[in-house]
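Below: the structure, in structure tokens.
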Amino acid sequence: MVVVGLGNPGPRYAFTRHNVGFLFLDFLKNKDWKTEKYFAWNKINLAGNEVALVKPLTYMNLSGLAMPHVLKFFSASLDDIIVVYDDVSLKLGKIRIRKKGSDGGHNGMKSIIQALGTQEIKRIRVGIGDKPEGMDLVNFVLGEFSDEEWIILNKVFEVMKEALEVILVEGIEKAMSIYNSLEVRA
């Protein structure tokens, strides 16, 4: 399995809502990242399986540029990939696991679908909450989580780790049936 977390590189974006994919990977393993030309990577063991963690080093909207390199580097197929990214249409505390689908308006996922030529890409969408009325969407997704939101987000990351283990052991359908209806609260 190769878990690709989406985000923007650099300290300016490190803790923003849009970087929830990177933040989840750091939750799983926050040290000793190695760097290739188009991505940073690491490995962990989940449910007795070696799992690669990947952060594209392009900006979010160009995430797809890294994907052919990721597939080649890890000798992976499309079926091995799971993409993790933020979803402004989901409430903070909720995740959605899917086997395939459209980009849903997410430019990072749009870039990946275009680069790989298919929508048949497994993904975990992470709710980052509704933007406040009157606030610009860009300012919201590039804003940082509050202390209260971090409490929820860390619990969400624990649930996501469990979900990855279920995907590895029992398959994505089982994980979808368990986790898509859950809502994590503080």
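Note: Cβ is positioned from N, Cα and C throughout, glycine not excepted.
These numbers come from a predicted model, not from an experiment.
His18 (active site, proton acceptor) falls within a helical segment according to DSSP. As annotated by Swiss-Prot, active site, proton acceptor applies to His18.
The feature tRNA binding site is assigned by Swiss-Prot to Tyr13, Tyr59, Asn61, Asn107, with sequence analysis given as support. Sequence-distant neighbours of Tyr59 (tRNA binding site): residues of the same chain at least 6 apart with a C-beta under 8 Å from its C-beta are Asn8, Pro9. In the three-state DSSP assignment, the secondary structure recorded for Tyr59 (tRNA binding site) is coil.
For Asn8, the entry in Swiss-Prot reads site 'Discriminates between blocked and unblocked aminoacyl-tRNA'. Asn8 (site 'Discriminates between blocked and unblocked aminoacyl-tRNA') is surrounded by 22 other CB atoms, counting those within 10 A of its CB over all protein chains shown.
Annotated site 'Stabilizes the basic form of H active site to accept a proton' per Swiss-Prot: Asp86, in sequence order. Within 10 Å of the Cβ of Asp86 (site 'Stabilizes the basic form of H active site to accept a proton') there are 24 other Cβ atoms, across all protein chains.
In the three-state DSSP scheme, Asp86 (site 'Stabilizes the basic form of H active site to accept a proton') falls into the strand class. Note: the CA-CA distance between Tyr13 (tRNA binding site) and Asp86 (site 'Stabilizes the basic form of H active site to accept a proton') rounds to 13 Å. Here the candidates are the recorded positions His18, Asn61, Asn107. The one whose C-alpha lies nearest to that of Asp86 (site 'Stabilizes the basic form of H active site to accept a proton') is His18.
Other Cβ atoms within 10 Å of the Cβ of Asn107 (tRNA binding site) number 17 in total over all chains.
Taking the mean position of the Cβ atoms of Tyr13, Tyr59, Asn61, Asn107 as the tRNA site, the remaining same-chain residues with a Cβ inside 8 Å of that point are Asn8, His18, Thr58, Met60, Leu62, Ser63, Gly108.
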